C-alpha cells in the first residue's frame, strides 16, 4: 500500500504511525461505496428456458390453504392454482439457477399436519417476460432436477403471456 501511495509510514522513537494519504482516503471511500452498493442494492439474475408441461402437482399444492395463505402473506398475491414449468437449456442460465441455492430467499416454512408434512418452499420475487408479480418457487423436497424451475403468479401465465410448450421465456429473479 505504501508503494501505491495509499499510506505514509512515519517511524519515531515511540513506534510507527501509519496514515492514509488523500489518495488512500479516496480509495477507501471507493471500496466502502462498492461494498455498500453490493450489500444494499437489489440485484437480479437472468434465467432463460423453455416452457414444458408439468404433472399437475403444482396445482395440488397451490390449492392447499396453507400454501395459498403463506404465499399471499409473503409475496402479497394469491397464486394462480398451478405452476409454470421451465426447463433451462443454456449453461449461463443453469449457472444462474445454481446461484439461487446460495442466495437469500423468502421462505414458506414446513408445516406439520396430522397425517402429513407440507414441505418448506423457497420463494424468489421475479418477473417473467417482464410481467410482475411473479416468483420462482423452489420446494426443498422436489422431484425436479436443478434444470427445471417453477414460476407462480396471480395470473394464469400460459394465457396471460400466450405461452405454449417449447416457447422461450426470460425470468428475472430478484435476489
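Using the three backbone atoms N, Cα and C, a Cβ is placed for every residue, glycine included.
According to Swiss-Prot, the feature CDP binding site maps to 54, 55, 56, 57, 58, 59, 155, 156, 157, 158, an assignment based on sequence analysis. Here residue 54 (CDP binding site) comes close to 82, 83, 85, 150: these same-chain residues lie at least six apart in sequence, with C-beta atoms under 8 angstroms from its C-beta.
Secondary structure from DSSP puts residue 83 (Mg(2+) binding site) in coil. Every protein chain shown contributes to the tally, and the Cβ of residue 83 (Mg(2+) binding site) ends up with 24 other Cβ atoms within 10 Å. Feature annotation from Swiss-Prot assigns Mg(2+) binding site to 83, 85.
For residue 142 (FMN binding site), the number of other Cβ atoms no farther than 10 Å from its own Cβ, over all displayed protein chains, is 14. The secondary structure of residue 142 (FMN binding site), as reduced to three states from DSSP, is coil rather than helix or strand. The feature FMN binding site is assigned by Swiss-Prot to 142, 150, with sequence analysis given as support.
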Nearest-integer angstrom distance between the alpha carbons (Cα) of residue 155 (CDP binding site) and residue 142 (FMN binding site): 23
Euclidean distance between Cα atoms of residue 142 (FMN binding site) and residue 58 (CDP binding site), Å: 11
Between residue 157 (CDP binding site) and residue 142 (FMN binding site), the C-alpha gap once rounded to whole angstrom: 22
